[in-house]
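Chemist: My questions will all concern the structure given below.
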């Protein structure tokens, strides 16, 4: 089959020409337009999520050989969460080539974060099936670019990440409260609780309120993202 002009342009933007063009067509086809003869991208999204995770895990291990699992986990989550995938999808104009049903199109489907993130993962899977893991790896590293280099700083700012997570789900900004102080005056220990608008909370203790807030936010964000998965 031959791809349309807009899909050929999309191939150029992501730097991969498909040997089997139908794989790309399936990757950009939403469930709202699927049929017996036109499969949607849900199964590809499932596979692409795993390919993306493997590429990112390898990249993070290579970038910081001394990092612990606890240090790597928030960096990994920052790179693979739906908000990041959607941002990358927008940068390559994925929304412009999505194949949507009328109702999904009328409701702004081309701009929906979850839909864009899922479709990008489907594209990653399509490249993997079309040309193998190395091609998919090159694609991911190229599209994520400086995000991988910046992820350590981004992951440290867990309060911002948690606020973005909450806002993306229509929740108010997280609330932080110092609930305890212990230890001597010269070396106090502050316990801080963070609370989301959905009632979820997490506590953490540290030598300063700022560090305790960041630790509590990081722990709560990791728990919420694990539930999203």
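Backbone N, Cα and C define each Cβ position, glycine as well.
Annotation source Swiss-Prot lists domain 'RNase III' at 7-132, citing sequence analysis. Feature annotation from Swiss-Prot assigns Mg(2+) binding site to 45, 118, 121. What Swiss-Prot lists as active site is 49, 121, and the listing cites sequence analysis. Residues or ranges marked as domain 'DRBM' by Swiss-Prot: 157-226.
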Chemist: Could you measure between residue 121 (Mg(2+) binding site) and residue 49 (active site) for me? Cα positions, answer in whole angstrom.
Modeler: 6
Chemist: If you measure residue 118 (Mg(2+) binding site) to residue 49 (active site) at Cα, how many Å is it?
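Modeler: For residue 118 (Mg(2+) binding site) versus residue 49 (active site), the Cα atoms are 8 Å apart.
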Chemist: Measuring CB to CB from residue 45 (Mg(2+) binding site), give everything in the same chain under 8 Å that is also at least six residues away in sequence.
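Modeler: Result: 118, 119, 121, 122, 125.
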Chemist: Which residue counts does DSSP yield for the domain 'RNase III' (7-132) in the helix, strand and coil classes, in that order?
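Modeler: Counts, helix then strand then coil: 93 helix, 4 strand, 29 coil.
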Chemist: Can you name the residues of this chain that are 6 or more positions from residue 49 (active site) yet have a C-beta less than 8 Å from its C-beta?
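Modeler: Residue 49 (active site) has long-range Cβ partners 80, 121.
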Chemist: For the recorded Mg(2+) site formed by 45, 118, 121, name the remaining residues of the chain with Cβ within 8 Å of the site's Cβ center, in chain order.
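Modeler: Apart from the listed residues, the neighbours are 41, 42, 44, 46, 48, 49, 85, 117, 119, 120, 122, 125.
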Chemist: What are the DSSP helix/strand/coil residue counts across the domain 'DRBM' (157-226)?
Modeler: 29 helix, 21 strand, 20 coil
